[in-house]
Amino acid sequence: MTSRSGGIQRGHRSSTARGRISAPPPTLRRSSAGSPKHDAGVLGRVRVAVRLRPQNQEEMVEDADFADCVELQPELKRLRLRKNNWDFDTYEFDEVLTEFASQKRVYEVVAKPVVESVLEGYNGTVMAYGQTGTGKTHTLGRLGEEDTSARGIMVRSMEDILASISPQTDSISVSYLQLYMETIQDLLDPMNDNIAIVEDPKTGDVSVPGATSVDIRDEHSFMELLRLGEAHRIAANTKLNTESSRSHAILMVQIRKSVVESGAETNNSSHVDKSFKPLVRKGKFVVVDLAGSERVHKSGSEGHVLEEAKSINLSLSALGKCINALAENSTHVPVRDSKLTRLLKDSFGGTARTSLVVTIGPSPRHRGETASTILFGQRAMKVENMLKIKEEFDYKSLSRKLEMQLDAVIAENERRQKTYKDELGRVSIEAQKRITEAERNCIHAFEREKLKYQMEYMDSVKKLEEKLMNGQSEHGHNVSAVKPCNRQMNGSEEVMELKRLLQNETRLRQEAEEEASRFRSQLEQFMHSEDGSVLEIFNLRRMLEDEIDQKRKLEEELAILRSQLLQSTYNSDQMRRGGNGDGFSGLDSLMSQFRNSQLNETGNGQKAPMTTLFEQVGLQKILALLESEDASVRIHAVKVVANLAAEESNQQRIVEAGGLTSLLMLLRNFEDETIRRVAAGAIANLAMNESNQELIMAEGGIGLLSMTAADADDAQTLRMVAGAIANLCGNDKLQKRLRSEGGIKALLGMVRCGHSDVLSQIARGIANFAKCESRASTQGRKTGRSFLIEDGALPWIVQNANNEAAPIRRHIELALCHLAQHEVNAKDMIDGGALWELVRISRDCSREDIRTLAHRSLSASHTFRSEMRRLRIEL
């Protein structure tokens, strides 16, 4: 018998063994987008594998005297079903999996080819069919949290998908549904319990747009999604299976994968690469865990479970009819007889690559059900699908690429403009320097020439005087009148020439002095204006600091006056009412109102909200009583505030009304153990909010908590203080200040108590601090050793890394892993004995995420690896 296309040999039922399938299924071929081959698609037969379940304890006892009804020949891909003691029916399948087949092998032969096709842009379906209790859910949906080798097809498929995509360009969305009593329900949102099936009139694609769709980024989020879905899936206890699935589970995975095809043309002169052709491949991967077929007289179903069994058998019967029609090449396929067949329209006779695993049991008591399951798989092998790739041009990716290129061009242009401006400024500064240097050299040269001419003038005058004196002494009075007259005339001409030169020099000197004085005045003016600006800025800054100090003092005085006013107002109200009681009786009234508001129930039986207390009593009156002189009043008032601070909705109002300041004042001014314990608890509640954490630090809260930790002996008080400091340790912004003000020292000082609750809070604070410190080191905001190591916390951490109390041990293990992430801490941790604890955590920790973190930290550190090689330790 051949298929509709007539080209592929099928497996047949026969009394003797037939030959194996001679022609392998056609491989997927991908052609370019828009080509005729791409539109035509590729033929792909439904591949069927049979898996035998091992005998359970009941079958081992009841069937001990009977031979198994099934004989497997996996090497021939053949199955023999016993008719009697001497005759068998033989069937051939694509794969025959024995009871010893591992989950990994089942995934590789059944689902992995489908997953690879989906990543190429095709639709794919993996489905399990069989009798109740034969291992369908084990094959598909096993999570394998304790033993990873037991993971089913769902988890292993998502691992391969996540490993093959890029989180930056690709996306995965998951929906998880169940078909129960012909109603499609959302396993991720149980309130969404009647989802409609929508069919595209143009393409014929079937979808469920009303289902919840969750984007998946990692394996952990997918495992959480499967846990949530399995918790909502309907199951019942029958004679055939203690946890029989009463619904068909359908996992739908939508994959969008970006690919780039290269073209033939490239323009080197253009910024845009014409060969860039972004495409998006859309693949839909469907995993169907069918509910098991069952016979009522064997399963013992009654009542509502019987109705469920009828609905399951009807939907499976409709699926069998559709497969029979497709196998026989019928003109009519009854797809609309059931919602299950409508959902699987694309999987049988559609465009998806489909793999079916049929599960059977070895018991001869269920030979009829086993034969029916085998015949279902044989008929499914005759169905052929027309596989079509789904690709479309990714305009968004191309637009992003062009935008990136445009941004790069703009950035390059801005960079060049800035470079030009910087160069222009540099040249201007250099020119100004040269001009200044030339002016300075000119002035110096002028001064030198001026001095030179003055000296020459003085020498000339002196020489003339000497010549005149010598002439007079030599010639005497008897010299004729003509010669003295001539010499006198020659001497007077030289004097006139010298006077003229002197006048020219004087004029040049005056001009040079005027120019120098002008430059000097401009320089002094500039220096004066610059000094004035600096002085003005300094004065303004000093005035601003004075204003800030004055404002802070006024705010403190205003807070004190406001509290005194509230106290006076409350006292005057009490006196006006004519009451003779004291503040304690007034607080008793507030406490009674608080209890009434807490016990007052709404119409639906829920407690009234805490805001009722604010409306009935008033927060200001409660806070005013925190400063009462009566100790009993203070105790009752601080208890009320602590109860109000336990609810997040009240915390902001308490802080805005000055409640945080009042609680810190109680820690500072009162030594009563009860007041300090309750006030510390209220501060711990307020410290859960990040904005409140900064206020607590700003008002000196860490110093007061440290002082309380040093003075208190009560374990509950220390637990409250440690909890408040632990909350502050989780704020990245407060790391240095928390350490400098003694927060870490205070945590370590409370170790003296030895109470497990106190130690648990200390461990939580250290874990929070180590986590924030590790994040700061990774981001480059911190260098050097850990503050925890510098403050001496490492010995206590190592000592309690294997503490019997689970909360302490879990926090300490996490702190050790965060400390080990940075190489600068490695040597101190090795010297302190932390290496052995890290190795133990990587092997024996009960939490997988902490084990993984410890293993990664040890593998990434060169110092740790060297020490482990020296000690011959293997991970």
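Quick reminder: no glycine exception, Cβ is built from N, Cα and C everywhere.
Just so you know, TrEMBL annotations never went through curation; they're auto-generated.
TrEMBL lists G130, Q131, T132, G133, T134, G135, K136, T137 with the feature ATP binding site. TrEMBL lists 45-383 with the feature domain 'Kinesin motor'. What TrEMBL lists as region 'Disordered' is 1-40. Among the features that TrEMBL reports, repeat 'ARM' is placed at 617-659, 658-701.
TrEMBL feature annotations superimposed on the structure.
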| residue | record | CB count, 10 Å |
| --- | --- | --- |
| G130 | ATP binding site | 27 |
| Q131 | ATP binding site | 27 |
| T132 | ATP binding site | 25 |
| G133 | ATP binding site | 23 |
| T134 | ATP binding site | 28 |
| G135 | ATP binding site | 22 |
| K136 | ATP binding site | 27 |
| T137 | ATP binding site | 24 |
Item to check | DSSP residue counts for the repeat 'ARM' (617-659), split into helix, strand and coil | outcome: 34 helix, 0 strand, 9 coil
Item to check | Stretch-averaged pLDDT - the domain 'Kinesin motor' (45-383) | outcome: 85
